[in-house]
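**Q** Dumping what TrEMBL says about this protein:
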- 86-327: domain 'AB hydrolase-1' (DOMAIN)
- SER166: active site, charge relay system (ACT_SITE)
- ASP292: active site, charge relay system (ACT_SITE)
- HIS321: active site, charge relay system (ACT_SITE)
Amino acid sequence: KPQLVASNDRFCRFLEEYCPVVTETYYPTIWCWEGRVQTLLRPFITSRPQVQYRNELIKTADGGQISLDWFDNDGSLYYPDASTRPTVLLLPGLTGTSKESYILHMIHQSETLGYRCVVFNNRGIAGEDLLTPRTYCAANTEDLEAVIHHVHGLHPSAPFMAAGVSMGGMLLLNYLGKTGRDTPLMAAAIFSAGWNVFESVESLEKPLNWLLFNYYLTTCLQSSISRHRQMLEKLFDMDLVMKARTVREFDKQFTSVMFGYRTIDDYYEDASPCRKLKSVGIPVLCLNSVDDVFSPGHAIPVETAKQNANVALVLTSCGGHIGFLEGIWPRKCTYMDRVFKQFVQAVFEHGNKIFSM
């Protein structure tokens, strides 16, 4: 059974009644239960539900643009009135977009419940051009704040929550830690967030993890900016950036410099959500596996979570990073998908029972 960490008895009872999956035994797929194997295989094993998006480009205060992919769910039987149709904002991982299989599955789950979804694609990675020499990072919440304000402004009467995966979860937590209760979001779900960036990069620099994940992730980051090289060369030594062989080297040469940090340690300290958890002011459910090499179990802030009545952690012993595969042939639904579906439905349909906490 997963470990449920929450200091608020009322929140616990709410989850046990309306999101019972968090108390059920999680049985990982027997032939790929190990965390690294789950992490590596999930993108290849899980199906990719068909989703038709409506794209919207919104302008930012600094002259940039952000790409939003909407799944309007206009065929919703439960919520035919678009003005009050519940809306879920989805935040993909580090180099992820609305095309990631885990995002498509979240939208598929939301569709069956009648909800609308909108995917926040970070600057420059979903095919749109960079209009300014700026991308994104886990610590800077300005773009996310702009997106939340925009979406809420379009549908002010619609119940509104968010779900973030991996770096998307870190960004969402950092936003919630900054805003406290001053947010239009009712609640949030966080999956496989890296709680302490120092511990995450140290784990990823172990020889086997570097070979399996770190080098590939670094090349993905480099690929995501290479298309915008002409714009970025105005501020960066792109030859040096493209020589990075670890995420830490990339962040030292590029990310921390772009966002004005004096050192990479300053950036990593600011990007670590464990430092903001005490300030979260709305109900948040966080799912992590303790065998996740991107967010090692010893770095999960269990004691800090116990100090905030708005926070609940669900910790599984297996599952890897955005893995959580279950069943003999785990093609369709993962444990993470079930947690997402039940928690979102619980918030939208029974949320009044926790909002008075």
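Backbone N, Cα and C atoms are what each Cβ position is placed from, and that goes for glycine too.
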**Q** Note the mean pLDDT of the domain 'AB hydrolase-1' (86-327), expressed as a whole number.
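**A** Computed over the domain 'AB hydrolase-1' (86-327), the mean pLDDT is 97 on the 0 to 100 scale.
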**Q** As a test of the contact definition, list every same-chain residue at least 6 positions from HIS321 (active site, charge relay system) whose Cβ is closer than 8 Å to its Cβ.
**A** GLY35, GLN38, THR39, SER166, SER192, SER289, ASP292, VAL293, PHE294, SER295
